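Comments concern the structure below.
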Amino acid sequence: MEPFLEEFFPDVHRKMKSAHQNEYCRFDSQLLTLFTSSLYLAALVSSLFASTITRVFGRKWSMFLGGFTFFVGSAFNGFAQNIAMLLIGRILLGFGVGFANQSVPVYLSEMAPPNLRGAFNNGFQVAIIFGIVVATIINYFTAQLKGNIGWRISLGLACVPAMMIMIGALILPDTPNSLIERGFTDKAKQMLQSIRGTNEVDEEFQDLTDASEESKQVKHPWKNILLPRYRPQLIITCFIPFFQQLTGINVITFYAPVLFQTLGFGSKASLLSAMVTGIIELLCTFVSVFTVDRFGRRVLFLQGGIQMLISQIAIGVMIGVKFGTVGTGNIGKTDANLIVALICIYVAGFAWSWGPLGWLVPSEISPLEIRSAAQAINVAVNMFFTFLVAQLFLTMLCHMKFGLFFFFAVFVFIMTIFIYLMLPETKNVPIEEMNRVWKAHWFWGRFIPDEAVGVSAAEMQQKSV
């Protein structure tokens with residue numbers, strides 16, 4: 001929004017208005033990107049503390065703390081008078097995101113029955129995309145308000161979802177896993193009976209109790225996650241969020257209005273285009289919700305990767321043809337609409353694959369004794385590379401030009417091969433029995449001791465065959 005840029009980023013505003021400005025470099029500003037990316041650096045730091053709070057005090061109180069810091073941060077941003085207040089508010093928002101991203105996927109994985117765990121957990125991504133769409137709609141309408149009131153309403157309204165998180169965390173029960181972990185065994189069994197809708201939960205409850213007893217023998221989850229027997233979980237937990245951010249999706253999510261303005265759209269048209277892509281992403285995320293437990297994780301990962309790869313290359317070619325390396329030129333309405341369509345195809349591929357599955361798979365593959373630490377690593381890696389992409393994108397666009405899309409396409413190709421070779425199918429597998437999946441894998445099986453799955457090596461080999 002121009003009043004926002006005039007108030008806090010006047011240099012960017014002057015550059016944006018320049019008639020002779022290189023289109024690739026119109027918004028290149030380290031201060032502007034710091035405003036965006038500081039949230040994710042704060043989320044990275046807070047996620048490391050959140051794992052301890054999630055384990056000691058339960059999942060719901062970690063969510064509550066996330067909502068509270070998010071509320072305070074949004075108030076700072078809405079009333080900001082200078083860059084310092086903006087950055088403080090953004091950092092507080094980051095702490096809220098770190099706590100929520102650490103606790104919510106774990107909460108969902110532990111509460112859901114195994115055959116619906118994918119759909120439940122993908123609801124997390126649906127909520128994220130729904131929030132992005134709502135935010136984009138709010139931005140579109142508040143941008144039409146005169147003066148400084150528009151951007152203040154836009155930033156300040158983040159208080160609303162923050163209050164929803166706090167109220168929800170107070171109302172929601174804690175998970176049976178967390179209750180057992182903290183010694184409330186009877187309450188945990190009652191909770192399991194309640195959420196499963198039956199009293200016949202003895203077998204599942206025993207699995208949870210056994211897993212908890214085993215986890216209590218692990219005094220140092222951060223140290224133990226480095227042991228060879230947890231090598232599959234550690235590698236997958238690191239690489240999936242790494243690849244998720246290097247799909248280039250946050251280029252679209254964070255800077256869609258900037259990107260569309262670079263392509264020749266006006267400010268209102270760019271916000272409208274960003275809103276359209278957000279709605280496409282929301283609708284396509286529902287595809288994952290309804291198919292992930294039927295077709296599995298691998299199929300969606302592989303199909304989405306191929307779709308993103310093709311559309312990214314096509315976008316890069318079109319932008320290269322229209323703007324070349326000098327960044328000057330005009331783009332016609334037909335070509336501009338085609339680029340938007342290609343971006344929507346790319347977003348759709350991400351929305352039913354790497355978007356929701358990037359949170360689902362890391363949250364479901366780790367045993368209880370390392371689960372909080374593994375999820376903290378997942379969030380930390382995710383936030384670190386989100387921070388890098390957010391901080392460097394505008395500078396990379398300025399220097400790499402249309403080649404930036406080919407840069408991300410290379411990573412999409414690599415990560416699709418990685419999934420094909422290294423990720424076993426985990427649909428309908430109870431979390432407590434996930435070691436059986438790793439033991440049967442052609443590569444990871446060598447790291448899993450026989451006693452971890454409760455069967456002999458020969459029997460495991462026979463099952464894998």
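Counting starts with 1 at the first residue shown.
In case you wondered, yes, glycine gets a Cβ from its N, Cα and C as well.
The following features are taken from TrEMBL:
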type	residues	note
DOMAIN	1-427	domain 'Major facilitator superfamily (MFS) profile'
TRANSMEM	31-49	transmembrane segment
TRANSMEM	61-80	transmembrane segment
TRANSMEM	86-108	transmembrane segment
TRANSMEM	120-143	transmembrane segment
TRANSMEM	149-172	transmembrane segment
TRANSMEM	234-258	transmembrane segment
TRANSMEM	270-292	transmembrane segment
TRANSMEM	299-319	transmembrane segment
TRANSMEM	339-361	transmembrane segment
TRANSMEM	373-396	transmembrane segment
TRANSMEM	402-423	transmembrane segment
Practice item. Please indicate, using numbers and ranges, the residues of the same chain that are 6 or more beyond the transmembrane segment (234-258) and have a C-beta under 8 Å from a C-beta there. Key: 26-27, 36, 132, 136, 139, 225-226, 267, 270-271, 273-274, 277-278, 308, 312, 343, 346-347, 350, 354-355, 357-358, 361-362, 365-366, 374-375, 377-379, 381-382, 385-386, 388-390, 393-394, 404-405, 408-409, 411-412, 414-415, 418, 422-423
Check your understanding: Are there at least 3 C-beta pairs under 8 angstroms linking the transmembrane segment (373-396) and the transmembrane segment (270-292), leaving out pairs fewer than 6 apart in sequence?
Key -> no
Point to revise | Within the predicted model, mean pLDDT of the domain 'Major facilitator superfamily (MFS) profile' (1-427) | key: 85
Practice item. May I ask you to check whether the transmembrane segment (120-143) and the transmembrane segment (61-80) make contact, with contact taken as at least three Cβ pairs under 8 Å and only pairs 6 or more apart in sequence counted? Key: no
Review point. Is the count of Cβ pairs under 8 Å between the transmembrane segment (299-319) and the transmembrane segment (339-361), pairs 6 or more apart in sequence, 3 or more?
Key: yes
